[in-house]
Amino acid sequence: MPKPMIPALAQFLAATAGRNMTKAAYVAVTVGVLSMVLLTLNPAYETAHRWVDLLLWASLAYFVFEWLVRLRHMTRQRRLALYMSSSAGLVDAVGALAVPVALILGAEPKTAWLLCVLWVLKVVPGIPGLRQLRRVLVFESGPLISVLVIFLMVVLLASVAEYFLERDVQPQTFGSVPAALWWAVVTLTTTGYGDVVPVTPLGRIVAALVMISGLGVFGLWTGILATGFAAETRRDNFLKTWESVSKVPFFAALGPAAIADVTHMLRTMELPPRITIIRKGQQGDCMYFIAAGEVEVDLPGKKVQLGEGAFFGEMALLGNNMRGANVSTTKVSRLLVLDLVDFRVLMARHPDLAETIDAEAKRRALENK
Ligand SMILES: Nc1ncnc2c1ncn2[C@@H]1O[C@@H]2COP(=O)(O)O[C@H]2[C@H]1O
């Protein structure tokens, strides 16, 4: 018998605490935050205030319900303290309590509902690549902090210089170092509001230097983050491929160093069922190892299934470069792809593997005659 909807939903919400958001939570965040934005729009809010209020209360009710369900679930699991002190627990608590507490404390409703902007924090665990970003920030913290220190140094030097050069001509805007600091930050970050502008010749020369430094500082930041991300993605791919390679029996006899070597040459590909990977008659530029799943080779008069650990697509690389049959997936499959150049390198570096591939290709060619 299907479970009643509310208990089933409650069980699901409890189990997803601290993980990616549920679809309902995405809807509640979007509806809630958009309604909050409408609340600040006049006269639109005045005309539709019943609907906007209803949507705001409905979103809040969802988050309160979700929080209570999770509290109950964690109490039963004896993990309440852990949940309440985790970032997910804090975000859930803030999402459920911020607006009601502000209303109870007597804040004006239009002000209290602004706090529902905090619901966007719920989206954080679902952001793809967040773990990668965190790791990049940790690994690259040294260079990033160095750039930050350079930024602060230039800001301070420039603002003192501009204060000295401009204070007599523009006492209103450059009359103190903090006032000049505002100009320095706006200029160095390349924002350039243009509300405060040096007018003396020397002041302008300093400004030009600050603008050029700004480009350099931001170029450095971007460069450090971009290379950090690229390195992190490479590491992630390597780990994923390593895991698959070590599971393929074909590579099992290799030592860890050789597996690492092979892993550098392979890339992973995830495919759904019924996808054609190889078409007969096309040029062959890579071969495949099956890490998981199954493929079917469509030969004249028969179909051959190849499962986990098998390889295919080697015959074109060893022969006349032409694919001899159609090959497609029959199940969800994870394949390791070896490009032609790396295939040659692999064959040269690992003669035992080369022999196995060669022998299997010859056996298949005989079988197909
Ligand atoms: N008899 C067979 N048994 C298993 N696989 C085969 C057989 N014949 C061909 N194949 C595979 O199907 C692939 C089609 O592309 P290739 O010719 O590059 O390489 C071929 C082999 O890897």
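Note that Cβ sites are derived from N, Cα and C of the backbone, with glycine treated the same way.
Feature annotations, reproduced from TrEMBL:
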type     : residues : note
DOMAIN   : 250-364  : domain 'Cyclic nucleotide-binding'
TRANSMEM : 48-69    : transmembrane segment
TRANSMEM : 81-105   : transmembrane segment
TRANSMEM : 111-130  : transmembrane segment
TRANSMEM : 142-161  : transmembrane segment
TRANSMEM : 173-193  : transmembrane segment
TRANSMEM : 205-228  : transmembrane segment
Long-range environment of the transmembrane segment (142-161) - Cβ separation under 8 angstroms, sequence gap at least 6: 177, 180-181, 183-185, 187-188, 206-207, 209-210, 213, 217, 220-221, 224-225
Residues of the domain 'Cyclic nucleotide-binding' (250-364) by DSSP state, where helix covers H, G and I: 42 helix, 41 strand, 32 coil
Mean of the pLDDT scores, which run from 0 to 100, over the domain 'Cyclic nucleotide-binding' (250-364): 93
Result, the transmembrane segment (48-69) in contact with the transmembrane segment (111-130) (3+ CB pairs under 8 Å): yes
Remote residues contacting the transmembrane segment (48-69) - C-beta distance under 8 A, at least 6 residues beyond either end: 10, 13-14, 24-25, 28-29, 31-32, 35-36, 38-39, 92-93, 95-96, 99-100, 113, 116, 119, 122
